[in-house]
Structure formats: structure tokens, C-alpha cells
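Enquirer: If you look up TrEMBL, you'll see Cys77 marked as active site, nucleophile. Annotated active site per TrEMBL: His184, Glu186, in sequence order. Here TrEMBL flags 5-200 as domain 'Glutamine amidotransferase'.
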Amino acid sequence: MKVVILDTGCANLASVNYAVKRLGYQAEVSRDTNTILTADKIFLPGVGTASAAMQNLQQRNLIPLIKSLTQPVLGICLGMQLLGMLSEEGNNAQDISEIPLLGLIDSKVSKLETHGLPVPHSGWDQVKPLAGQSLFKGIDDDAYFYFVHSYAMPISKYTLAETEYGHRFSSAIGMDNFFGVQFHPERSGAAGARLIKNFLEM
């Protein structure tokens with residue numbers, strides 16, 4: 001099986017690659033069109049701001065390519081948010097304009113409503129999957145995963161799992177061949193490893 005991690009220029013490429021290799025699979029970090037199009041499974045990692053990430057994708061000519069993919073794609077952390085329509089996360093505190101995203105899933109990315117809890121939401125938290133989700137096969141319904149984020153997607157018809165941190169938000173989403181997780185499975189121990197394995201075995 002050919003596994004590709006999209007070279008988005010972000011910092012967690014190596015940790016995602018290592019997590020895949022620990023499961024016995026070989027992954028290739030690439031931005032090459034043919035390599036990506038012939039992959040069986042694709043990871044879309046992301047850390048940092050939505051504006052910087054979209055700029056990186058644009059500079060690498062990856063935006064139309066990602067939109068054309070028909071094989072399973074898993075967005076991780078910011079990579080999940082990039083699947084949405086618009087993000088409130090601008091270039092700086094004074095920038096209140098919304099950032100256009102990939103537009104693959106009809107959902108907006110907004111600043112977390114934490115009702116007084118610290119932002120960013122950082123550390124281990126519970127993820128509650130909806131019944132029958134193949135991404136969470138063999139994972140306890142009350143399993144904990146590792147989060148670091150200040151923005152999130154709301155609960156919607158695309159929600160596969162939810163987490164509560166002052167307010168409920170989508171901690172996993174999916175539509176057709178595109179999936180996303182707000183947490184970092186590559187940093188989430190046995191539960192995270194199982195989720196990556198489930199994705200690779202879809």
C-alpha cells in the first residue's frame with residue numbers, strides 16, 4: 001500500500017511519518033503530483049495558522065490537487081480545519097477577515113467558546129465518537145486524545161466524534177473520502193495509533 005503525507009511545510013510531518021512507520025507501513029512525504037495521485041491513503045497534517053497553511057498549499061500548487069483526490073484523506077489538527085469553508089483565524093490579532101479554506105466540507109472554523117477555560121485547548125481530552133464510525137473501531141468510547149488548538153469546527157451533519165471543552169465541538173469530521181481529526185493521533189498513545197491503523201485499513 002502506498003501512503004503519502006502531503007508536504008504542507010508544517011512542523012508535524014516527521015511525527016506523523018514516524019507514527020505510520022511504527023505500525024509497519026512505509027510513508028512518503030511528498031508534494032509531487034504523480035506521487036500524490038497514485039497514493040492509496042493520504043495524510044494532510046497541519047500546525048500553525050490557517051492563513052499561513054493556505055499560503056503554503058498555494059505556493060506548492062496543492063489546492064486543486066487536494067480537491068481532486070478520490071482516495072481516503074485524513075486531515076490532522078489544522079489539516080482537519082483546512083477541509084472547511086472559512087476560518088476566523090487571520091494573520092494577526094487585528095485581521096478580522098475570514099480566511100478561505102479548501103471548501104471540501106461545508107463548515108466554518110471559529111474561535112473556541114471555552115466559557116472561561118484557558119485557550120488554547122491543550123492536553124488530553126475525551127473524544128466521544130458517534131456509533132459505528134470506522135475510524136474509531138476498537139477504540140473505547142471514553143478514550144482520551146491529545147489536543148492543541150484555539151479554533152474548532154461546530155457540531156454538524158459532518159461530525160463523526162465530539163469533545164466538550166466549555167462548549168461542544170467536532171473532534172472528528174468526515175464526508176465522502178475526506179476525514180479529519182482535531183486532535184493529534186500521532187501524539188495520542190495507543191488510541192491514536194489505533195485510529196491511524198483504522199484509517200490505513202479502510
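Each Cβ is built from the backbone N, Cα and C atoms, and glycine gets one as well.
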Enquirer: How many Å separate the Cα atoms of His184 (active site) and the residue listed as 'active site, nucleophile'?
Expert: 6
Enquirer: Return the residues near the residue listed as 'active site, nucleophile', defined as same-chain residues 6+ apart in sequence whose C-beta is under 8 angstroms from its C-beta, sorted by sequence, else 'none'.
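Expert: The answer is Asn12, Pro45, Gly46, Val47, Val148, His149, Val181, Gln182, Phe183, His184.
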Enquirer: When DSSP is mapped onto helix/strand/coil, what comes out for Glu186 (active site)?
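Expert: In three-state terms, Glu186 (active site) counts as helix.
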Enquirer: Summarise the model's confidence over the domain 'Glutamine amidotransferase' (5-200) as a mean pLDDT value.
Expert: 95
Enquirer: Which residues of the same chain, at least 6 positions away in sequence, have a Cβ lying under 8 Å from the Cβ of Glu186 (active site)?
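Expert: Listed in sequence order: Asn12, Ser15, Val16, Tyr18, Ala19, Ile76, Gly192, Ile196.
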